[in-house]
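Asks: Please find one structure pasted underneath; my questions will follow.
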Amino acid sequence: MQWRSILVGLVVLRLSLSCMLWLAFGLGPSWGFNFHLGFNLHKLDLLFREEKETEPRDNSWSERIHGPRYEETETTCASAGEESPKRSYLSFFDGNKDEYVRRYSSFPDTLKAKMKDMAKEMFYFGYDNYMKYAFPEDELNPIDCEGRGPDVQNPSNININDVLGNYSLTLIDTLDTLLVLGNVSEFQRAVKLVIDTVSFDKDSTVQVFEANIRILGSLISAHILLTDPKHPFGNVGFEGYDNELLHLAHDLAVRLLPAFENTSTGIPYPRVNLKNGVPPDSVNETCTAGAGSLLVEFGILSRLIGDSTFEWVARRAVRALWNLRSNETGLLGNVVNIQTGQWVGKQSGLGAGMDSFYEYLLKSYILFGEKEDYRMFTAAYESIQNHMRRGRESCNEGEGDPPLYVNVNMFSGEIMNTWIDSLQAFFPGLQVLNGDVDDAICLHAFYYAIWKRFGALPERYNWQLQAPDVLFYPLRPELVESTYLLYQATKNPFYLHVGMDILQSLEKNAKVRCGYATLHHVVDKSKEDRMESFFLSETCKYLYLLFDEDNPLHKSDNKYIFTTEGHVVPIDKRFREKQWNDDFPCEEGALTEREPVNQPAPRNISNCNRIPEERRYTLPLKSIYMRQIDHMVGVF
């Protein structure tokens, strides 16, 4: 009977701890306090309690895993708690508030200029070494100072072959970054190199999504900047340019078109061979983001050349995915069979496999003015808020855990796992474009806390275990992008500090002999010999723009957005004009009986006045909430 004595002893210990916590703070064990003992004892407590009805959802996402806080009973010291005035559990984080104010509330101009120069030097260290050691290959191996192309010996190595097509990827992906940094002469030289050396008539099997956002998007962006008399970078055209970049973009898009053929749903195959079309052994499964994030680039191309084909197939794919969403939740899954329309992956989230699908619904509306895109976005955003969002209602007020978006089952809305991935860090930036600056502030703070702890963003972070699930960091730009957009919306110096932390971490942890290397392990900082093209195209670009207040993009009277690969695209009335009539039959349209036709007018996408004036130059998030998030992530 010894085990019973041990069991009773553990329960008594648990009750004693609960009493002490109720007396001190007015709460039992909470995820926010990181009392793992309390979590384990809850399992023992279940042996002595009858099962209860499921409690209604409240403002604590952590309790979806750990279970609700214990109800007050005679055995949980209710009477003692009633005799003492209860304090909010957030009072635990009241200490040393001024620490955050002192650190983040100002950023001198001299330091801003220093960080701007540091970001520029970071870009050129990577770019110059790519041109010296790797061009015309696709990527630079920054440790061995060598070029990298497709893995022809191992065609199944999709981690490499999905991206690298033997078409000077890094040079093309970087074109408009050279203009952002003000280097017109190098931009012109790079354009001429692309015209003279790049061909897509290659026996390379690439992912449609990656070729679209990295290659097609960059060619279109650079062409527009070369030929648009209203662009902010001055006279960057050169004599003899005859729309060659646009012709290259058209040629690539034609080679991607076979992905849309012979599918029962209109959702494209994930990969094509640039010379031979869809491979005979191609899989019939694709992710939602991969199939549904082609509309911006394909749409601009169609409107530039007056050929509706490209926008038509991209829009058909978006509508097909949209019509497969759940009737109960309005959510989509992350992997679908392109022939049957059945969901293979039923996880719905904001990260890998889903992210840019939502992004391009809103950005397509901003560019093309198609109300259908905005109706789909607002419906999707509402479903996200209803089923993925956990935590307190307000970012900067109230009790409970901070807002967090979790991965759920698309049909039931129930949590499927306890990790979030680094790609989700793009979402605060999208919320800024949608005018939800307050919510963006909170979610961004959570990802920044993870960065502070590790000096990088692990590919997956388990918020229950407070530890990485997948440990590598390939120099992704999403957190930097959201930091830049939040700074543009609020002008709060806090975000300059975030950018400085990211810059310094990259210099310390990722810099190697010939560039910046992927972190294989965010804890021990071991490295992989790879520098992906988006490091120069996006990460360095957003870091530079964050500190360059006088950049022509910021001073121009014209408006711009960035594609999901960070390419600059003007918001131009010519992209809202079509040279063709829509020929979608009504039954294929995205609108169904579930959606009202009369939607409210979209909010101002700049909408900075949603942040009260008195908060513009104080911390964007109250110190108590910043401290709470840091504690939950394990920063202290």
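Along the chain as shown, the residues are counted starting at 1.
Yeah, the Cβs are placed from backbone N, Cα and C, and that goes for glycine too.
TrEMBL labels come from automatic prediction, so no person has curated them.
Okay, these came from TrEMBL:
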{"type": "ACT_SITE", "residues": "GLU210", "note": "active site, proton donor"}
{"type": "ACT_SITE", "residues": "ASP355", "note": "active site"}
{"type": "ACT_SITE", "residues": "GLU459", "note": "active site, proton donor"}
{"type": "ACT_SITE", "residues": "GLU478", "note": "active site"}
{"type": "BINDING", "residues": "THR564", "note": "Ca(2+) binding site"}
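Burial and contacts for the listed features, if you can.
Replies: Counting every protein chain shown, the number of other Cβ atoms lying within 10 Å of the Cβ of GLU210 (active site, proton donor) is 19.
With a 10 A radius on its CB, GLU459 (active site, proton donor) counts 21 other CB atoms from all the protein chains.
Taking Cβ-Cβ distances under 8 Å and a sequence separation of 6 or more, the neighbours of GLU478 (active site) in its chain are SER422, LEU423, GLN424, ALA425, PHE426, GLY429, LEU457.
Around THR564 (Ca(2+) binding site), a 10 Å sphere centred on its CB holds 25 further CB atoms from the protein chains shown.
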Asks: Including all protein chains displayed, how many Cβ atoms other than that of ASP355 (active site) lie within 10 Å of its Cβ?
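Replies: Here the count is 25.
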Asks: Do you know offhand how many angstrom separate GLU459 (active site, proton donor) and ASP355 (active site) by C-alpha?
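Replies: Distance (Cα to Cα, whole Å): 14 Å.
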Asks: Give me the Cα-Cα distance between THR564 (Ca(2+) binding site) and ASP355 (active site), rounded to a whole Å.
Replies: 10
Asks: Between the Cα atoms of GLU210 (active site, proton donor) and ASP355 (active site), what distance do you get, rounded to the nearest Å?
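Replies: With distance taken Cα to Cα, ASP355 (active site) is 14 Å from GLU210 (active site, proton donor).
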